[in-house]
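Colleague: Sharing a structure, written as structure tokens. Questions coming.
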């Protein structure tokens, strides 16, 4: 079976993972321009090599309060169904191989994070990664509903 | 042979060659003696033949081969250029275009070209008057297409007869559509209906007066058909005549004689070599230019950083280098922006033939003049502007230019003039369509608008002429008394207006009864670059398009008044609302609370006739900005139409002032 390469990043000392094919680049913190009238977790837009790219604070998205920018804070630029978006994460520093069958359903009592944004969890040794369900996380409909509401 | 990889190339090149043949044919028609032009056509046809044969498109190859033979004879002056010959070549060209279009859409490019090949063959053998399968005019039935013509000829050879039938229905008839349907039922029992005027759909929708015409192929005799028709209730009159498609060709020798005569007239032979000074170009995919633009923007960001650094270091050598870089990159920027610009010629060059065809169909004489085809517009605009122009030109020819007899009676040159003009003025490009036809009949427009319920009858007298002309662009409006397939059923002009407004342009109409009409379209030079005023609110920078700003001003706090809780100011004797951007955009306070200023910096913006003053913290200045969308994720943000990247690499949002005007 072909191993799945994932990028590992951290939020609040917990480890999350995304399929490497969905990640375009990892950037250092840059200036974000606020866009009025958006939900708080959409921080605004950033200039990514000439493209206007929206930035989402994952920590705030998961309901854990806004991120504090640290030296290690990174913007994870991901592509979801052709939409390019930046995710603010505490740190992103690892690429590992996992197998599909290592992904287990997320336990009922996962801390803080809504289970619907997770594809499952992967346990390797004593490390536990939560596989993020990007499509659901940045579903356009949901954002537009929030905007309307 | 694996030809897929060459397909794009084939399509591009064949399109170019077909366009070249088209251009040169039109030239040839005006200068029949110019064999150099024939040579150009020959070369294009020859190249096309070679390419098509290699790619395995045998029908194209066959047709171009025959064209080549005829062109060769023309080139060597073995046969003369007559209108007839040009017509046949035009028809061949049309077929070629159809085939190429079918290949582009993934087809095989097959088409029955035997009729054309046969015609070309006959011309080759010296039968210069070989009858072209041209639209044949028949009384009330409009032009007969090539296909219909073939059907009729075939049917006749099998003992059928073609009848032109005119049916009149009682004017008090309530369900005209039903009666028309019954007529068809009856006719279908006797033969085959080839064509109706107006078309079947219009008949079923009762979009006709009391009379309609049918072209029928049948073995029955005239009287029998007539009797059957009269038996249908509410049919008051039925006329059945045999139909001879050949009749209409009678005027053919006349025309060719004229062409030959004009050929004898001493004319200055145009030096085709001078016209051929084509500039050298290469094809570049538009995506690459966009990429180039994006990369360049990154460069600008770093340029900004370098400028900052050099200002800090105060190193003369570094300063000098950075300054030079700034100059070069400015030049580079304007060059890249220019690359997106293409001449309107791309759109215009399809019109001469369209006008020629329309004039023939409508029996009008029309001279099309194109001025300023070299005027450049942004690629995006070029792609979109074609259809609206087609519609306006058709409109001018169909409704504007009168029939030659009418023109003669009114003391005008029987040949009507349509001028297509493009020119640049400031940040806009104007495209004008002018005709010297009948002009717009104010009364007719008003009557129609009242009838359609677009305006109230009592409002009519107070309307200015230009307001009346604007009614033409209202939806559901058509002045043509009779529906023609040239300008459609009046669904067009409002669509034209919408399209132009979508491109950020406007359309105005001027008209003098009896002297003609002028449609003037004003378009922005490019869609992606606009002039804007940069303003500051706390730490945030916003760009306001100059096109929506009336004035910038600094007003004293005492000038602000309150009515019903809304702040207003007195602006040139008008009371207009004052909107504070900081509040409507929820700008977070960043600095220590400053002492309240005694003056406001305001922008007066407009939407139609409404005005609003926007209060900002300060003005930064005017900049040319590149419009960027916020993308698919962030959509429909209140008062924001997009974003732009500033010289320092930061993003500024572009305000949509329409949302802010109350």
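Using N, Cα and C of the backbone, Cβ positions are placed for all residues, glycine too.
Curation does not apply to TrEMBL; its annotations are automatic.
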Colleague: State the residue range annotated as region 'Disordered' by TrEMBL; the candidates are B:244-278, B:279-313, B:314-348.
Modeller: B:244-278
Colleague: Taking the Cβ of residue B:46 (phosphohistidine) as the reference point, list residues of the same chain whose Cβ is under 8 angstroms away and which are at least six residues distant in sequence.
Modeller: B:64, B:68
Colleague: Work out, from DSSP, the number of helix, strand and coil residues along the domain 'CheW-like' (B:529-662).
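Modeller: Counting residues per DSSP class in the domain 'CheW-like' (B:529-662), I get 13 helix, 77 strand, 44 coil.
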Colleague: With DSSP assignments reduced to helix, strand and coil, which class does residue B:46 (phosphohistidine) get?
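Modeller: The residue in question, residue B:46 (phosphohistidine), is helix (DSSP, three-state).
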Colleague: Treating G and I as helix alongside H, and B as strand alongside E, what does DSSP give for the domain 'HPt' (B:1-103) in helix, strand and coil?
Modeller: 87 helix, 0 strand, 16 coil
Colleague: I'm checking region-level scores; what's the whole-number mean pLDDT for the domain 'Histidine kinase' (B:277-527)?
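Modeller: Result for the domain 'Histidine kinase' (B:277-527): average pLDDT 81.
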